[in-house]
Amino acid sequence: MSYFRNRDIDIERNSMNRSVQERKCRYSIRKLSVGAVSMIVGAVVFGTSPVLAQEGASEQPLANETQLSGESSTLTDTEKSQPSSETELSGNKQEQERKDKQEEKIPRDYYARDLENVETVIEKEDVETNASNGQRVDLSSELDKLKKLENATVHMEFKPDAKAPAFYNLFSVSSATKKDEYFTMAVYNNTATLEGRGSDGKQFYNNYNDAPLKVKPGQWNSVTFTVEKPTAELPKGRVRLYVNGVLSRTSLRSGNFIKDMPDVTHVQIGATKRANNTVWGSNLQIRNLTVYNRALTPEEVQKRSQLFKRSDLEKKLPEGAALTEKTDIFESGRNGKPNKDGIKSYRIPALLKTDKGTLIAGADERRLHSSDWGDIGMVIRRSEDNGKTWGDRVTITNLRDNPKASDPSIGSPVNIDMVLVQDPETKRIFSIYDMFPEGKGIFGMSSQKEEAYKKIDGKTYQILYREGEKGAYTIRENGTVYTPDGKATDYRVVVDPVKPAYSDKGDLYKGNQLLGNIYFTTNKTSPFRIAKDSYLWMSYSDDDGKTWSAPQDITPMVKADWMKFLGVGPGTGIVLRNGPHKGRILIPVYTTNNVSHLNGSQSSRIIYSDDHGKTWHAGEAVNDNRQVDGQKIHSSTMNNRRAQNTESTVVQLNNGDVKLFMRGLTGDLQVATSKDGGVTWEKDIKRYPQVKDVYVQMSAIHTMHEGKEYIILSNAGGPKRENGMVHLARVEENGELTWLKHNPIQKGEFAYNSLQELGNGEYGILYEHTEKGQNAYTLSFRKFNWDFLSKDLISPTEAKVKRTREMGKGVIGLEFDSEVLVNKAPTLQLANGKTARFMTQYDTKTLLFTVDSEDMGQKVTGLAEGAIESMHNLPVSVAGTKLSNGMNGSEAAVHEVPEYTGPLGTSGEEPAPTVEKPEYTGPLGTSGEEPAPTVEKPEYTGPLGTAGEEAAPTVEKPEFTGGVNGTEPAVHEIAEYKGSDSLVTLTTKEDYTYKAPLAQQALPETGNKESDLLASLGLTAFFLGLFTLGKKREQ
């Protein structure tokens, strides 16, 4: 019998008034028998929304456990006085309603807990370790449950003191007789760590004391441990440790857990009993401890920990500072589909201001995908009004596709990575870029070196290879093909192309018959092809970028025989403005050798021209004859992963020095100095730890302000390719750099970029960014001024409501301007004396409340009860918030929850939101066979305060005696892969950093993510979840 049929019978028999019925609709979730849709219909029919109370601890306190004074109170609607009409209910019905309401309570973090096919073994909420309980919460009565687990997850949400001990335990199992038999999840020097030891005292797992991810002292954190028993795929089992939802380290050494510790007797939070000693105590606030009966996946851990993900606080501009809104100059497609012009992706920005004041924005136009191969055109757009408006795209070159390619996704010769520069004397603008024959570019080069050029009678000619022959044919004057013995043939190569985008360059003719193209490599109809090598091409413009010359091959001028790869450091080159080499054009490039290629030989250098671009020369590499770890290296022979430097950006100081800012693998900024215009380099590379390098291209320019000399540098602030930063350095008299400011310029994804000075104290930046489903990447442009660079941004002093949004009938979302967390359910006090009650937390910034329809439009005066905490420890303010749609109640709603008529799941026609996997990409860890640096941890011997009547816990860090995890390879990005799979990694299964997807419901991009997706999901899924949770509790 359906819920609503029962409801009608009750109305007829008892003549209950509407208020009683509304309460039944609110609280009788467990009585639903026809599913969530019935409940939704009921809410619509009766004009009500279920009121959801704050969940208390999911288990009753242990019988032998002292109730702690620090426990948070549980706030429910039972605390309100009841209407007089409800006194007519019988005692049985009152008792039943009380039970119903108790079962209906849902977690304050319902969305984070909504996991499938998993059972809770132990759960403890809202406790503390402090002086009153000896810094320890005893859970020993749960030991038998733990011993039965073969696969498990231990998830803990906690807040340590800002000045916590060097080492403290979170959750542990230990023995009353054997001090070295235990399991502990702990924190060591703010690093989340882990240890398990058997009855013989031997370690189960690898070393976690130098794992990369740290907890935030004095703030809320989550640490999650998973263990999996041995299987065919995991012969020894696996353990993983996560911090705030992100995987910190994996160990495949053992899948042992509590069942493998026969003598353990104690289970505890905080101070740990090890035989006769109590150790590792600290003051902790524990929001939640949950043990599950299986290992959660990385995706599930991210979801369970979603409320603990936080970003840096958004700062405001100081007086006088200007940062324009971004303008998308080259806009990609969305959701994997091409844009209106058939282009899926744009990459590799290059920005140049010409002598006429025109801005030229250059890019890779990647038609099929964002990878570093396939159909890529070199394109530009021009602005003659300082970036306000932009002209149509102009294609410098785009070689034609192979119509019979074996793989169409890579079936084109490749042009990639552009550098723009203008000669101030001739006014000629140069575009220099890489070229590869059909294939995967730098990732598809031949393992065996093929000669690309042959010198004959003092002239250099390009070599052609003919199928089935070993001799070297050559392309000579007018494109005529010559045999290996120097005889002209009937074959002719197009060397002076005339078709649009010069797409016919490389076409091969026999007489007037087109046979194919010498740049094709698969299923080719041409009998010839060029060497599978890398090349450097140049185009130029003599009319301010409006039209461009056909590509010219400058490779033989600058590429030595030993170089496997030679490519540009994309962005903008410079012309030396003073010194003995004044007028010299400098273009950043980097090379690899045939010994170690991308794994150990990438080296930055300069190519230069002293005759206005007619001829080009290669300078020495920064790595040539440099001392590294006591050994002299050279770019032609080196095999040293850590010593590599790759794409770079170049500036000249007023004293004539040339500074090369290089992308590298040290995690910080590396700068080389040349005293001779970029031909040779000082042997010491200066490192600046104030500027992070997350192994991505950067851009730098030289500028003057009020007679003083400065460098402006822009790059991704990390932890991966995200959070664009502009850095300001003062140039000292000796040429050294003093870094003054580091200001954020773009939140979210941020990769390659290019800077230019625009004049009048204004600067421009063209950069890679994506949002709102854009493919990687869209190239966006912004302008900023000197005050933005040189002044500190203003930090927020409180967390406040940014906007409110009506999510459905009787439900409103409050979105804050920074991350918040609910521990004690807040009730909003309204100006009319009524209240709005807390439902649950939707994401890191959004809280859901129920409000009566007649109270919509009311202002919030404060909290009637409960609390909202800032994840950044700021005061939280709700006063003045208006309960209506829009920016803090002042802006009309853009989205409203539609009536749900489709199947359960996502609403409307929108696809489920795409989730992105976060990852840790910091400096720890290595690739290949090289061990990660071993970090030795000194034993802590300092004092600890006494807790209560118990002696102060002894600080004893877990002793690690097994194989150091530092000897195991971890993820490390080596070669730059600019496509959709943007990281090139060398990994082993033993230790790596997983990219787990964002579990929280993403908010649409408007600087911060807003609550539009709430609307698209609707309350349907929410109420369905509540029903499911209620049924689980009933069962």
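Even glycines carry a Cβ here, placed using N, Cα and C.
According to Swiss-Prot:
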type	residues	note
ACT_SITE	ASP372	active site, proton acceptor
COMPBIAS	61-92	compositional bias 'Polar residues'
COMPBIAS	94-112	compositional bias 'Basic and acidic residues'
MOD_RES	THR1006	pentaglycyl murein peptidoglycan amidated threonine
REPEAT	381-392	repeat 'BNR 1'
REPEAT	539-550	repeat 'BNR 2'
REPEAT	607-618	repeat 'BNR 3'
REPEAT	672-683	repeat 'BNR 4'
MOTIF	1003-1007	motif 'LPXTG sorting signal'
SIGNAL	1-53	signal peptide
| Looking only at residues six or more beyond either end of the repeat 'BNR 1' (381-392), which have a C-beta under 8 A from one in the stretch? | 327, 329-330, 357-361, 544-546, 758, 762, 764, 781, 783
| task | Could you tell me what the rest of the chain brings near the repeat 'BNR 3' (607-618), counting residues at least six beyond its ends with Cβ under 8 Å? | result | 423, 425-426, 428, 430, 536, 538, 540, 554, 557-560, 566, 581, 583-587, 589, 677-679
| query | Where does ASP372 (active site, proton acceptor) sit by DSSP, helix, strand or coil? | reply | coil
| note | Grouping DSSP H, G, I as helix and E, B as strand, the residues of the repeat 'BNR 1' (381-392) number 0 helix, 3 strand, 9 coil
| In the repeat 'BNR 3' (607-618), how many residues does DSSP assign to helix, to strand and to coil? | 0 helix, 5 strand, 7 coil
